[in-house]
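Asker: So TrEMBL lists the following for this protein:
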DOMAIN    603-639  domain 'STAS'
TRANSMEM  102-119  transmembrane segment
TRANSMEM  126-144  transmembrane segment
TRANSMEM  180-206  transmembrane segment
TRANSMEM  263-280  transmembrane segment
TRANSMEM  292-311  transmembrane segment
TRANSMEM  379-402  transmembrane segment
TRANSMEM  414-436  transmembrane segment
TRANSMEM  442-466  transmembrane segment
TRANSMEM  473-490  transmembrane segment
Amino acid sequence: MMASHRPANHYCVSRPVYSKRAFDEDNDRQIPESRSFREKLSASSNSRAKQVLKGLFPILDWLLQYPTKQWLPSDVISGVSTGLVCCLQGLAYALLVSVGPVYGLYAAFFPILTYFFLGTSRHLSVGPFPVTCLMVGSVVLTLAPDEDFMRPGNESMVNGTLLESESMEVDISAREAQRIVVASTMTVLIGLFQLGMGVFHVGFLVRYLSDPLVGGFTTAAAVHVLISQLKMVLSVPTHSHNGFFSLAYVLSDVFRNIKQTNVADLVAGLLTIVTVMAVKEINAKFQHKIPVPIPIEVIVTVVATGISYAVDLNSRYGASIVHSIPRGFVPAQFPNIELFGEILGSSFSTAVVGYAVSVSVAKVYAAKHDYKIDGNQELIAFGISNIFCGCFSGFVATTALSRTAIQESTGGKTQVAGLISALMVLIVIVAVGPLLQPLQKSVLAGIVIANLKGMFMQICDVPILWRQNRTDCFIWVFTCISCIVLGLDVGLLTGVVFELGTVVVGFDAVRVFKKRNKALKKIHKLIKKGKLKITENGLVPVAPLGVDNEAFESEQDPEHVEGGAQQEVEDGSRQEIEVEVQVDWTSSLPVNVTVPKVNIHSLVMDFSAVSFLDMMSAKSLRLVIKEFIRIGVSVYIAGCDGTALCFFDDVVTRDLLFLTVHDAILFIKLEASNGNISDPMVDKISQMQDDKEPLPFTEDEDRIETYDNQHLVGSVQFYSW
């Protein structure tokens, strides 16, 4: 009767907690159907070829089944809406790379073409992203600063002397050419890194970029973007700065030249920021009532371009405008390989950041629409896309949450919407582009700043992290401050190292075992010298020089512990009895030995993705398991049938195998509730008792028999292999 009240998508499963041995006892293994080698080879070859082909070109998985009548109208509407935003963001984000706006259009066009065939996400909007654009831009400014392109300008003569300070100006065309070479070369190298990581299946590296680390990094990147665009909104001259404390130097230049602010640019920038942010709030608040989000960036751009052209802001008020957006494409060019050595580190960090951002966004929408994302294929797709884009003078592409949200919320079903958005960008490149030449750069900067709100709102995560997990909070804050002070590339590396220090280093089981034995050896010596006394409650110190300590008068003598008085054999010698010494490794020890804390009592390894272990792997795994067992940490393996693990013995038995991680966790909880995990650790020490003489202990550490069983509450560690 109760089941009738449950929703239709709810189900319950009731079964015993299964270890592998218990499951095999209750169920018979089905013998697979026998086929000839030729049949197996033929079937395997055909299925393998199809699998490889679909893996390399995920488009084959859905394009042949594309329901045109149901999905095409939605994809067209979504593609048009997203394409308009792509155009404007491409123009705006080119400012972050310090190249001409037309190259932002290239970056918004070329990557979509290759991702359409190679990508596994159906909703990702591929193109420029402010964080990665800024990382490329910082390298561009470092390798091609204004100072390298100074040329003689309008010379002035005083008494026949040339005034050098007034005779130099920036060769803009030469600077522009060199900067796009640096940006496109770095984009190709980023693509090569991503392609290599995808081919060698090292996408797991992104696991070390946790949510707190990415949150702190992107928030710091938003600060960098804001300050870099501040000079555009104010239209004041600044020098090129990069590296440590670069933000402080930029702000210093801005405030030093604040009196040169162009009022027309400032007003246009501020109005753009306020208008775009206000309308985006309306779009978010009424998203269920508005069929298509208001394309406010497009509206603002069109209005601002019209006003600038009609009033002639550039000539009359000195406003900084886009000036040149040529029609068409530039010829493809090969990257400058000589620059690879100078941009190697920055390219790798940008490749990892770009991949982490795109995959995290893709997984959100894949979970929402019930399909899977292949991380390694995404690396290959973005790698080839960036190589292709870089060869056509574009810069690095990944994705942006705002564009992807528009593509999905306006009804986009597949990457057909992305292809149509590329068509919209193409129209701007070949036809509409020159009409945007009167547009003020401060308007583009305002669009960039207005789109930073989502990244700045991540600051609200800090109090939540502080309440939930202070380690994650420290990672967020440390990464953010490091990236602000040291720069994005060095700051990211610093944050990763800090995170690894908090989540990967842990404890060394061998070191723990050696330290515990060292401590026990010293305890033996103190007992032998009469400085420690064995009681029912463990070890207590004895007063020096034979003086009794009244504080321990009620404690029992060692000869009365565990069975009362000492017993003598017929020849008068005393028999060896065994006593238990309670050693609580979580508290302070009576000896001066620092024993590392063990914060777990159980370790679960998920082997569901492991299909084979060679001899050396199995041998190493067995050694690791034994190292954990001897310090009191129980080890369990889940999702493995045991046929690949040929290393069982008296210590490492098949009882550690479980069907699933859930079975293993339930078993651990059951063991803890039954009290099978001892608390605290008990070391059984065999010792000879004597009436007056101290207990004789061996000096040989290998003769010490230890049974390490430490219980720490609430500490089950889970690893996925």
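Using N, Cα and C of the backbone, Cβ positions are placed for all residues, glycine too.
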Asker: Could you check whether the transmembrane segment (292-311) and the transmembrane segment (102-119) come into contact, where contact means at least 3 Cβ pairs under 8 Å with the two residues of each pair 6 or more apart in sequence?
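Answerer: Output no: the transmembrane segment (292-311) is apart from the transmembrane segment (102-119).
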Asker: With pairs restricted to those 6 or more apart in sequence, evaluate whether the transmembrane segment (126-144) and the transmembrane segment (473-490) have 3+ C-beta pairs under 8 Å.
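Answerer: Yes, the transmembrane segment (126-144) contacts the transmembrane segment (473-490).
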Asker: Restricting to CB pairs under 8 Å, which listed stretch, 102-119, 180-206, 473-490, is in contact most with the transmembrane segment (442-466)?
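Answerer: Checked against 102-119, 180-206, 473-490; highest Cβ contact count belongs to 473-490.
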Asker: Under DSSP, the domain 'STAS' (603-639) has how many residues in helix, strand and coil?
Answerer: 15 helix, 9 strand, 13 coil
